[in-house]
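A.B. asks: Take this structure first; my questions come after.
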Amino acid sequence: MKPEQSLIFELSRPGRAAYSLPECDVPAEEGLDTLIPAELLRSEPAVLPEVSEVDVIRHYTALSRRNFGVDNGFYPLGSCTMKYNPKINEDVARFPGFAKIHPYQPEESIQGALELMHTLQSDLAALTGMDAVSLQPAAGAHGEWTGLMMIRAYHEARGEVRTKVIVPDSSHGTNPASASAAGLTTVTIPSNEQGMVDLEALKQAVGSDTAALMLTNPSTLGLFETQIVEIARIVHEAGGLLYYDGANSNAIMGITRPGDMGFDVVHLNLHKTMSTPHGGGGPGAGPVGVKAKLAPFLPGPTVAKTEDGGFKLQAGGPQSIGRVKAYYGNFGILVRAYTYIRTYGPDGLREVSENAVLNANYMLSRLAPHFEVPYPGICKHEFVLSGKNLKPYGIRTLDVAKRLLDFGYHPPTVYFPLNVEECIMIEPTETESKETLDGFIDTMIRIVQESKETPEIVLNAPHTTEISRLDETQAARKPVLNCSCG
Ligand SMILES: *Cc1c(COP(=O)(O)O)cnc(C)c1O
């Protein structure tokens, strides 16, 4: 093992340290044991690696190199992909006037931050076709839950008992989970042959107990629901509302709006569509937008203009569902989204969407001859393939994903949506060059050929990574989560 690959405990030598501190000049008798109860104090020193400063730096740098991100290479994960994270947005989020303000500072001293939030509220309302926006929720799923709680409160305020949320079988896993967290139950309806909402199934499912239909359009299959106006009519006529999952809005910005399609509530994932590097669960921001009839239920605080042209925080609507987050949302992410929107402007945002759709269609048309395509035709910002055609060679989609690692690619999303067998879901995003797309496509085609000619190479992949193929069952049943040495 090369020294830089060693684990930090193996580098440990008694007495070696990465720091040197001056002699302690605080009298010992005023120390810890009088302030902290004895049972909370350690009796033995913690077992920590004893290493030099350079060892620590090399250890963490080596770990960071084992990580993969959009700054290392192509990351075509469908649906939840890392999209464009311009570095300028990181700079702006770190401006001291934004990064160093305190949530309890007087409003007069944070007018710039409040103006930014106010502008972002109206930009997001304009972009989604909604009447009011709350920037509070801290993630997409949090936005979903907030939206559903407002829908619940809306029906309750009208004296109606409505507890069912209808979701299509291609829906993102957070949709039914959020419904359940909001105290509602989900009813799943199947997609039709074309991957669209089955109107007959929808008509069967709606009724006087329907609280809402949750949908994303384009769907997670990358398809635009052409019958959306009819879908909205069916749900509204039954007294239900329409929830739009806008986690990935790259296909529609500046082209169409959930509000115009008939949706009543929408959340956006600022950390997907509008920059902010995210991974491992955060950080995020999932603002919700609502039509006027739901505005009274919005969580506070929101930002309003004062009579003298300044900005102030105000409580939520008169029938607010209450606070959903401490303070004012994940402010740093709001700054990045604001910068993203201002940098592009309306025409630029439309161009983002056009190029996202163009890139996806280019990839789909070149990959189509080599995989099964469950829903042929034009896709939006992403598309799904099926690896079913490789089954006769003993190769599954999982093997293709593992083999891609050998070529330095992050694999696409696999086995989601659940309604496509051996599913491979690809979202290239708008920022990738034709050369990058071609490189990935050629690699996928090469893996298809290998699957037919030398399947063992694919079955045993990855070969070039730090750790080769894991035993999936053991990894799930008996995970080793800590360093077993020392
Ligand atoms: C990512 C995603 C979500 C959930 O967003 P989080 O910020 O991870 O909670 C919901 N719906 C869709 C379609 C998504 O892609």
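Placed from the backbone N, Cα and C atoms, the Cβ positions cover glycine too.
Note that TrEMBL annotation is computational and uncurated.
Got these off TrEMBL a minute ago, pasting:
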type: DOMAIN; residues: 163-279; note: domain 'Aminotransferase class V'
type: DOMAIN; residues: 353-454; note: domain 'Glycine dehydrogenase C-terminal'
type: MOD_RES; residues: Lys272; note: N6-(pyridoxal phosphate)lysine
A.B. asks: Within 10 angstroms of the C-beta of Lys272 (N6-(pyridoxal phosphate)lysine), what count of other C-beta atoms is obtained when all protein chains are considered?
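C.D. replies: If we count other Cβ atoms within 10 Å of Lys272 (N6-(pyridoxal phosphate)lysine), we arrive at 23.
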A.B. asks: Can you give the mean pLDDT for the domain 'Glycine dehydrogenase C-terminal' (353-454), rounded to a whole number?
C.D. replies: 97
A.B. asks: Please list the DSSP helix, strand and coil residue counts for the domain 'Glycine dehydrogenase C-terminal' (353-454).
C.D. replies: 55 helix, 11 strand, 36 coil
A.B. asks: Tell me the residue counts in helix, strand and coil for the domain 'Aminotransferase class V' (163-279), as DSSP assigns them.
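C.D. replies: Counts, helix then strand then coil: 33 helix, 29 strand, 55 coil.
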